[in-house]
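A.B. asks: Dumping what TrEMBL says about this protein:
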type: DOMAIN; residues: B:59-270; note: domain 'ABC transmembrane type-1'
type: TRANSMEM; residues: B:65-85; note: transmembrane segment
type: TRANSMEM; residues: B:97-116; note: transmembrane segment
type: TRANSMEM; residues: B:197-216; note: transmembrane segment
type: TRANSMEM; residues: B:253-273; note: transmembrane segment
Amino acid sequence: MTSSFITVEQTSKSFHKEAIFQNLSFTLNKGDILSIVGPSGSGKTTLLRCLAGLESFSTGTFVINDKDVTALEANKRPVSLVFQHPLLFPHMTIQENVAYGLTFQGRKKKERLRLAQELINQVGLAGYEKSFPYELSGGQQQRVSLARSLAISPDLLLLDEPFSSLDVRLRNEMRTWVRQLLKDQEITAIFVTHDKEEAMQMGDYVGVFENGQFQQIGEPEHVYHSPSNAFVADFFGDHLIVDQETFIPVQSLFLSKTKPKQVASVWKGVMKNKLHVHGHTLYQIFIEDLHQHVTVSSSIRLNTHERIYVSAHPDSVQTFINSQQRNG
Amino acid sequence: MKLSETNKAWVLLTPALLFLSLPAYGLFSAIWTSLHENGSFTTKHYRVLFQQEAFWESVGYSVRITLIATVLSLLLGLLLTRAFTSIIQSTKGKLSIWLPMLFPHFVWGYIVLLLFEQSGLISHSLVEMGLISSTSSFPIMTNDQNGIGIILTYVGKETPFVVLMLLPIYAKQQTGYKDLVQTLGGGKWAAFKDAEWPWVFPVLLEAGIILFAFILSAYEVPFLLGATFPEMISVLTYDWFYSGDWNERPLAFASMIITSILIGIVSFIAFSAMNRKRMLLTKGQD
């Protein structure tokens, strides 16, 4: 992320003196997808609204393709936003919905309809041009919404939890499909979600957002395996957080009914729940000393509320990136 | 015995149908009387009616007054609701905007008369303040040929009704659509035209039909505030009905039937134009 098709520099936003986010900076190359993931209320939607121009930044600059768009209003920015709900105009046909934004670009009706048709084909809804939104399923409606946002050829596409109203199966299908479409068309996008799996699946980069700050930005795999702090480890990774400086990846933990000898890191736990995923048995263990739940794969048979030992080899204890930098 | 779904619907509809039977009886009785003379069928009363200049003048005058009062009420109601939705939703706001709805039309008309007639409160206050020399300099606004008093009364009474009809639309309006229009490149006008008007228009039209039907045929306000000539159709009909000449009574019936037909045509056109759009909007809110 060194080149800068998109540059967001030192941006902040406050409402009535209360800071929503502060000194945010990041850059994106053309065609990059950044997933912003964080818990509800962390300020990520406000950030998206500021990028779209629906709210103004309190400070900082926002540059797209070497043009400073910070002061531009929403309708003048080369940015479009796909909302949580499809928000299709119920009284317009699918074709009219997709062509809607093109009317503001002064294009002739014939051209508008041709472009809309191309996009309808791309999102796999050929044959639905004359249908009305209520005749489409939730997933199809969200695809129309995406087509409508893409129709105006934005330099930056923002997506605000667009799959949250869909059922789990459809959501999975849509993730793969939308990512492919964005990649095929080399569209620069920022995708906001509170679901870490969705963030990993959709983004070339993931930004973990909390308290109005990026706690860490990087490639999904890197953020997952090498969290910068305890929050990222807890929210984004599957790790046992030993203290504010160290953690143990969950795959390095093992369970035993008796206390293992010659292992330094051992904790007592209680089995709370059992899951079966991809042919593996996963146990949710509560470790009282660390006041944490951890989900560990194991072949031993355990009953609910059974006492158990959770242990790890000392070599597997890792230090958070931030702590390494501080100490290094 | 278990009732079928259809029978159940009929049972549930019975009270409403019984209630409707009263005006329906009145309407059919009026049609019958207007089309009969001495027990035999005739269209004579309609032919006589259509030849009466007073009737056409009255229809024109009534439609004009009705349209002006309806459009002004709708416009004012829309502007008030748009500007003050959050205030109107509070109890104080609701009370202040709906206060005029508590008064009967006749009382509201009387208030307008007390305030706006040449020797009324406003005129006297202006004289006291030295803004006009005498009450006769105050413009004639009641019992006038332009029907200003009638229009003022209806606008005052019907604007709160329009607000009442529009408030639910504005209270649950999704701001998302306006944001959407902006992010797609549209300005404020586009946001109004595409993200607000389609939801507001059907309700406004419905309120408009109700007001049109009511104002066109209501009697007490034009009786109190209208001029001797021209008269609104309701006043003219009332005069014919209670005049000493019994020959004019069928004319009264015929003119009321024409008024009903006029309202029916206007309502039919408006509803047919809106029904599909309304269906799409309702389904779109699922």
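Quick reminder: no glycine exception, Cβ is built from N, Cα and C everywhere.
Surface or core, plus neighbours and distances: that's what I need for these features.
C.D. replies: Sequence-distant contacts of the transmembrane segment (B:65-85) (same chain, six or more residues past either end, CB-CB distance under 8 Å): 93, 97, 147, 150-151, 154-155, 158-163, 165-167, 170-171, 200, 204, 207-208, 211-212, 215-216, 222, 232.
Residues 80, 84, 88, 122-123, 141-142, 148-149, 152-153, 156-157, 159-161, 163-164, 218, 220-221, 224-225 of the same chain sit 6 or more residues outside the transmembrane segment (B:97-116) yet have a Cβ under 8 Å from a Cβ within it.
Long-range contacts of the transmembrane segment (B:197-216) within the same chain: residues 62-63, 65-67, 69-71, 73-74, 77-78, 154, 158, 161-162, 165-166, 169-170, 173, 233-234, 259, 262-263, 266-267, 270-271, 273-274, 277-278, 281, each at least 6 residues beyond the stretch ends and with a Cβ under 8 Å from a Cβ of the stretch.
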A.B. asks: List, by number or range, the same-chain residues at least 6 past the transmembrane segment (B:253-273) whose CB is under 8 A from its CB atoms?
C.D. replies: 27, 30-31, 33-34, 45-46, 49, 55, 59, 63, 205-206, 208-209, 212-213, 216-217, 233-234, 236-237, 240
